[in-house]
Amino acid sequence: MPGGRRRVGSMNIAGFWILAQFVLLLVANVKSSADSELCGPRGARGPPGLSGLPGPPGYTGPIGMPGLTGRPGLPGLVEKCPPLPQSAFSVKLSGPFPGPSQPIVFQEVLYNHQGHFDPATGVFNCSVPGVYHFGFDIELFQSAVKVGLMRNGIQIRDKRAEAGDSHEQASGSSVLELEKGDRVWLESKLDREESEKGTTHAVFYGFLLNGN
């Protein structure tokens, strides 16, 4: 019968397929056993290979945290500065000036701590070489004056003033560079008779600006 033949054919094909799968599995097991029998024992470790080439530089990492504050350093050496040289004076006169061409001798010493001004002669003697400032201030009433600022007998500057029935002022100053032993003074340029008229008050002073 045709239907019976189809079922027999299908059963034959299925049986063949199962038989083929069994054969393949058997062959695989045999091959695996043969490979296992061919492998020998593990050999010794070989020498290390050559180093590989260096890789490219990596990316820059983030900035690290600030470090701890270091210990304070040792204190520095303390040195004493030498004292600066000093030289100054201030003197005052109330009354007539002496005759001409001689130093004016002042009656009152306002300042002369270094002793560089000689009150007896009216002369400043330079003991500290350097740059000095000298000046004078004169107040007049019914009188006339003419004075010269002198250095070693040479006039540096002069000043003339007259006053009637009112008070007048006359002043002058100069900056001089002196060497040790130089002498500075203020002297009158009028005769004594002219100087004795009226009332005169004068202050003469000087001080060191910068020592050499």
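Even glycines carry a Cβ here, placed using N, Cα and C.
As annotated by Swiss-Prot, signal peptide applies to 1-34, with the evidence given as sequence analysis.
As annotated by Swiss-Prot, region 'Disordered' applies to 36-66. Residues in the region 'Disordered' (36-66) partition by DSSP class (helix H, G, I; strand E, B; coil) as 3 helix, 0 strand, 28 coil.
Taken from Swiss-Prot, the feature compositional bias 'Low complexity' applies to 40-53.
The domain 'Collagen-like' feature in Swiss-Prot is assigned to 40-76.
All protein chains considered, the CB of Asn125 (N-linked glycosylation site) has 17 other CB atoms within 10 Å. In the three-state DSSP assignment, the secondary structure recorded for Asn125 (N-linked glycosylation site) is strand. Marked as N-linked glycosylation site by Swiss-Prot on the basis of sequence analysis: Asn125.
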